[in-house]
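All remarks here apply to the structure that follows.
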Amino acid sequence: MQTSHLFTALQQRQQQRDNRYLKGLVVILLLSLLISLCAGDIWLWPTQWFSETGRLFVWQLRLPRALAVLMVGASLAVSGAVMQALFENPLAEPGLLGVANGAGVALVMAVLLGHGLLPIWFLSACAIAGALLMTMLLLGFARRRLLTNARLLLVGVALGIVCSAIMTWAVYFSTSLDLRQLMYWMMGGFSGIDWRHQGLVLALLPIVLWLCCQGHVLNFMSLGEQQAQQLGVSLHLWRNLLVLAIGLLVGVSVALAGVISFIGLVIPHILRLTGLTDQRRLLAGCALAGGGILLLADIVARIALFSAELPIGVVTATLGAPLFIWLLTRVKSVK
């Protein structure tokens, strides 16, 4: 009985601590959103939001962009956490394993073949198809045990490099102005986002919410195939559903903002280091932290240069690459 009471007390303490972390992430997200609406070449404080200038810059330009950044950040972070559980690899994430680049290749080829005349929904469908194809290919390697986790990571990186090379060659040899402008898109950016793109942004919301509610399934899957099946989890069904959800999130995110790396890798690890290890709370934390961190990166991209804007993919890569190196050394030391 004493052991049972002790376990219950420890569990309640862990839940209280996790809830405090999640509340803190909500505060960070709201502050990031507030700063994002204020920041720019012209800083507009909340008291100026309803002026004539504020109605243009805040409500017509900055708000739709901030909502898109928030949802893309949440989508990439949640996708990274789910991929790490699916592949049983702590270094898995959409950008590193080539999933985002697969979506990018499909989108670039659609623009090339369509001469820049295809509607945004068709380009999004192509990006989703590319992301799904790459994810299923990698998952097939992982589940057939054809490759170790380390080799699977290298295969994903190699596929990502090949996809990047294809996109670069396509842009270089193109005479289409639309395709040449995709060079900026390939580095990631939200500069062209407005209210016309909010349909894609809203499409991300139900998928992110659904994934955040599947933490118990990922907890069961982490126990191993045999134990998960004994608990009534259909592994084949859930793997396909999760792969489909990841492909949708990554495909729409790439269609909106281009290829943005390291958000899906770094955010889950940072949250695990703070103690959020239960997938039921980790996924919600990833959604909040991913949105907040990408909002902060977008603010840096907008204000770092006067009258110019850095590609947000460059900002996340600059900040995320040192953390990725540290994670690699940490995984090696643990082994």
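Using the three backbone atoms N, Cα and C, a Cβ is placed for every residue, glycine included.
These come from Swiss-Prot:
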- 25-45: transmembrane segment (TRANSMEM)
- 67-87: transmembrane segment (TRANSMEM)
- 95-114: transmembrane segment (TRANSMEM)
- 118-140: transmembrane segment (TRANSMEM)
- 153-173: transmembrane segment (TRANSMEM)
- 200-220: transmembrane segment (TRANSMEM)
- 243-263: transmembrane segment (TRANSMEM)
- 286-306: transmembrane segment (TRANSMEM)
- 308-328: transmembrane segment (TRANSMEM)
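By the Cβ criterion (under 8 Å, sequence separation of 6 or more), the transmembrane segment (95-114) is not in contact with the transmembrane segment (25-45), since fewer than 3 such pairs are found.
Here the transmembrane segment (243-263) has long-range neighbours at 68-69, 72-73, 75-80, 82-83, 86, 93-96, 99-101, 103-104, 107, 120, 123-125, 127-132, 135-136, 139, 184-190, 193, 197, 200-201, 203-204, 207-208, 210-211, 290, 293-294, 311-313, 316-317, 319-321, 323-324, meaning same-chain residues at least 6 beyond its ends whose C-beta is under 8 angstroms from one of its own.
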